[in-house]
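As given in Swiss-Prot:
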SIGNAL    1-16  signal peptide
CARBOHYD  ASN44  N-linked glycosylation site
COILED    67-89  coiled coil
CARBOHYD  ASN75  N-linked glycosylation site
COILED    122-154  coiled coil
CARBOHYD  ASN157  N-linked glycosylation site
Amino acid sequence: MYHQLILMALIGVIMANVVPFSMSNIPEEYKEFIPEEVKNFYKNLTQEDRQILRELASKHATFTNEDAALEALKNKSDKLYQKAVELRNFVKAKIDSLKPDAKAFVDEIIAKVRSLRPEDGQKLDMEKLKQAARDIIAKYEALNEETKEELKATFPNTTKIITNEKFKRIANSFLQKN
């Protein structure tokens with residue numbers, strides 16, 4: 001469960017620092033890849049909500065688990081807490097619906113992403129990120145077809161992204177070893 005909050009916080013940090021919290025500022029060709037649930041989460045965020053997410057994301061190392069992080073969020077904004085819980089429950093239900101092989105793959109991805117989190121004051125190690133992406137791709141390719149199909153059915157927007165030719169070109173150039 002803690003890993004799901006980290007993913008939500010990561011989404012929050014990325015959205016807070018890269019995307020200016022306005023769906024209208026996202027290029028049209030990328031909007032289709034954003035899950036409706038994520039769009040809905042960010043759709044009506046206030047400036048105060050965005051600031052709360054930034055603040056809590058910057059303190060991620062101080063939270064012992066997901067419940068502690070959610071409690072901190074609840075103390076800052078009950079409305080935002082409710083929205084975060086709704087999004088968390090949506091993600092949890094999707095993961096819990098998977099068969100063991102697919103669930104193990106998703107859990108492994110989440111653990112790998114968590115391991116990439118830099119120490120306080122440190123920057124993300126891009127080479128470690130690239131290697132993690134290569135490892136995940138290799139593990140995905142090694143899955144049997146039934147598991148791949150289950151993942152595609154459960155996470156259709158992710159499938160759209162990874163099968164998009166433009167995305168593949170960008171990812172391939174990013175993942176090339178220096």
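Yeah, the Cβs are placed from backbone N, Cα and C, and that goes for glycine too.
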Counting across all protein chains present, how many other Cβ atoms fall within 10 Å of the Cβ of ASN44 (N-linked glycosylation site)?
9
Residue among the glycosylation sites ASN75, ASN157 whose Cβ has the most other Cβ atoms within 10 Å:
ASN157
